[in-house]
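Asks: Below you will find the structure I want to go over with you.
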Amino acid sequence: MCGIAGIVTNEANVSRDKLQAMTDVIAHRGPDGEGFWISDDGCVGFGHRRLSIIDLSDMGHQPMHYRNGRYTITFNGEIYNFVELREQLQKYGYAFQSSSDTEVLLALYDRHKEKCLQYLDGMFAFAIWDEEEKELFVARDRFGEKPFHYAYVPRELFVFGSEMKELWSYGLPKEVSYDMLYRYLINRDVQNANDPSQTFFKNVFRLPAGHYGKLKLSELQFTVERYWDIDYQNIDYGISEKRAENDLRELMFTSINRRMRSDVPIGSSLSGGLDSSIIVCAIDHVFNSTIQQNTFSARFPGFVKDEGVHIQKVLDQTNVVAHFTFPDYTKLISHLEKLSWHQEEPFSSASVFVQYDVMQLAKLNNVTVLLDGQGADEIFAGYHSFYPTLFNELKKRNRSIYVEQLTQYQQLHQDNRINSLAYKPGITAWAKENLNSAWKSSLRKKMHHFRQIRSPFLNTDFFNAHKDVITGLNTKFDGLNHALYNSTTGPGLQELLRYADRNSMAHSREVRLPFLFHDLVEFVFKLPAEQKIKNGWTKYLLRSSFEHIIPTDIAWRKDKIGYEPPQQEWLSSPTITELLEQHKSKLVDLRILHKNVLSSDARKETGSVKNSRAWQILMAGMILQ
């Protein structure tokens, strides 16, 4: 994993100094080396910062050239199936000088051009310059694990980098998008679901996940195309649960095997939840305890949501060396400004800092690569918000299964609002309320207006100037798979992947995500809804498939926490209280927040970590610094 930078211009004035400024600001992404290349005509330049993971020799140095200089690449990420791809390419006569996945990617592009992307199992963001065609090709992995940001002036300039701060180091102005800031303050959106290329800064864009782009030097017109999508409608209702479990285990073990390829020490993040526990136990199972696995966890002793008991259950049955960190508000205070600098855009809660602290722990113990569990909730239906969509689908498709599953849900969760064990039209008020809970655009807008009138949070002029940017989302889904598609390809997962990338790279660590193996994802989307949520259990198939290798108490945990710290307690500390008041005053002076906010205690408005006004004020104030 690394950091990339690039400049394409028709003015033939690309300079080493500009590229150096861009890569210097992302030195944390690649402390093991740097490299630069400028075309002979001075119109194209690439920069690279290297974090050595595969082939630690100088043969893996970038920017890398291929075919006597026809192709030049700057590449960030890992191609997990590069061994298999190299063997296939050798059959076609390709020879390799290194053991790196970068050279394999170049050869694959030479053979297949943009169609090379369909062969890749990996996380990546890269740019290839074709000197013969005078064309730039850029691409980002299917799910958006690796970032790619760019600024573009048609017919004049194209500048790109792993992080937005590279573009500002190039010389582009840093201007906050007040439309995005409004979305965040009114609706807690950290990404525009209707336009995934939009960022919190004007004229800075991100290449959406699963897309590639092309740019001809002669025209300097950047075009973007989608190369991968999930087919959520082609469902195999005939597959047995046992067959699904076997196939899922095989795919997961394949994914883990590939993601364990590394020439540097490798470990796992362990929260004590279902997903990270499966990864740790699966590694132990696949490698038959023959490797010494390191795990990294955060603890909050004395806090009701501390997961130490669950973590210990995993440790008791695996051959791992466990490492712990104990985040508190003093750590948060000392790292908050740096964390915000790394994240670049607002983040939802102090849980992001906890992940940041875990990555620092890995660095202190000289483990460079960590496997983690992001993506499982979105793919396997891990959120309780999926229940209404499931029941709505079953009600339309199979009423007997619908009644059975409602009953099982009531028995598991002791939900007294479901008070009938047999089907009746409109079985309960709860079902009626939830099965028709999709907000339409007009209703969503009215809710924003109502909240603002009832308890003004935003300055009235700021609210009126930006209120029309919220167009609403269609949250009425055809079925569970449709909802999972929205969850997997929409802002929710993108937000988590941004946190993981920036937190890991802040400490020069690499995070790999076994659940985001595209073959596995495509398989899960072919399964019926009732195999994903069953008998009241979210992620049912995932639980049943791996219950034999993880502790039973974790396989069938009903609660879901996921590195949730005592945020409200932290926000009450004197130092953070003072910082919060400073940001309040600044945002009121800028006519963004309503003056009434000055007399309110945002810390006490909610007990929910992800719905904290205080946290929003902190983030908004920091992004405007």
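Placed from the backbone N, Cα and C atoms, the Cβ positions cover glycine too.
The active site, for GATase activity annotation in TrEMBL covers C2. Annotated L-glutamine binding site per TrEMBL: D101, in sequence order. For 2-218, the entry in TrEMBL reads domain 'Glutamine amidotransferase type-2'.
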Asks: Using a Cβ-Cβ cut-off under 8 angstroms and a sequence gap of six or more, which residues of the chain neighbour D101 (L-glutamine binding site)?
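Replies: For D101 (L-glutamine binding site), the qualifying residues are I54, E78, I79, F82, G122.
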Asks: Please report the DSSP secondary structure of the residue listed as 'active site, for GATase activity', reduced to three states.
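Replies: Assignment for the residue listed as 'active site, for GATase activity' reads strand.
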Asks: Give me the non-local Cβ neighbours of C2 (active site, for GATase activity): same chain, 6+ apart in sequence, Cβ-Cβ under 8 Å, ordered along the sequence.
Replies: R29, G30, H48, R49, R50, L51, Q62, F75, N76, G77, S162
Asks: Helix, strand or coil: which one is D101 (L-glutamine binding site) in, per DSSP?
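Replies: The residue in question, D101 (L-glutamine binding site), is helix (DSSP, three-state).
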